[in-house]
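One structure below.
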Amino acid sequence: MKIIAYAVRDDERPFFDTWMKENPDVEVKLVPELLTEDNVDLAKGFDGADVYQQKDYTAEVLNKLADEGVKNISLRNVGVDNLDVPTVKARGLNISNVPAYSPNAIAELSVTQLMQLLRQTPMFNKKLAKQDFRWAPDIAKELNTMTVGVIGTGRIGRAAIDIFKGFGAKVIGYDVYRNAELEKEGMYVDTLDELYAQADVITLHVPALKDNYHMLNADAFSKMKDGAYILNFARGTLIDSEDLIKALDSGKVAGAALVTYEYETKIFNKDLEGQTIDDKVFMNLFNRDNVLITPHTAFYTETAVHNMVHVSMNSNKQFIETGKADTQVKFD
């Protein structure tokens, strides 16, 4: 039994080593580069491929992988929106993901970043760097006085709800697929417009779909309270970045915490020190004191990376042995 793992980072290697010790019957090859047409031939002779990347898995790459005899693909992440689904179906590829590598990791950072915005931490850091120790005018707000609107109440959204409640905030939610327990608590509103109108903070925890592309746009911002806070810890395509800039300029949005950006692949997880970033929209957001950007690191904890490696590799092994996996993704 042989599995090849692509895009293996140095910080993932200890967790792969642990998995290999626990599964001595599996031969594993670790490749640091992303899966591309140039290196897909390395998969020849392997039973499965374990992968992670934001870059698209194109039809060409998937077809070549299938041509090499690899039909079992385990993703070390949640999202499957970068897979060429028609090719997956046509070639009969088995796909698995890691649906819950650490909801708490993402939820915790979303609340942490919001607290920085509410407590004016970026502004005080800027003043302290200049030895300005005055308080005014950067007075803070308390989360316990606010209503938080959670869009998407799955595993991550639910973890965020629990933390927000712990701070004493009122929480309302919206989801096409409602959680029965939350519904009993009367937490849901019926429409996004209701959530926009009531929430002081809006946090996104939904997958990227065609139906929610740029769901936060000029129209959505216009329906929000003045001075709302926006948290995007889901997918970059959920927000129209140019419309967000306009909302920040007008004061409709008081601040934003973003762990993702729709054109992030050219920027995030790269060392660009001393280089010019040509994306003017990104730089506009990046240079604002009331916008906090973290480069897709909400998941990045020891617990999460362990789970990403172990769950994905276990699923690949299940595919090889049985043709099915606990975390198999079905494309209807």
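Sequential numbering from 1, following the chain as shown.
Cβ from N, Cα, C; glycine included.
Computed from a predicted structure; not experimentally measured.
With Arg155, Ile156, Val206, Pro207, Asn212, Phe233, Ala234, Arg235 listed by Swiss-Prot as binding NAD(+), the candidate from Asp138, Asp175, Asp190 annotated for that site turns out to be Asp175.
The binding-site residues in question are Asp175, Phe233, and the one with the fewest Cβ neighbours inside 10 Å is Asp175. If you take the C-beta of His296 (active site, proton donor) and look for same-chain residues 6 or more apart in sequence within under 8 angstroms, you find Gln54, Val259, Thr260, Glu264, Phe268, Asn269. Spanning the listed NAD(+) site, residues Arg155, Ile156, Asp175, Val206, Pro207, Asn212, Phe233, Ala234, Arg235 have a farthest Cα to Cα distance of 19 Å. Cβ neighbour count within 10 Å across all protein chains ranks Arg235 highest among the binding-site residues Arg155, Arg235. Non-local neighbourhood of Pro207 (NAD(+) binding site): Val78, Gly79, Asp81, Gly152, Ala234, Arg235, each in the same chain, at least six residues away, with C-beta under 8 Å from its C-beta.
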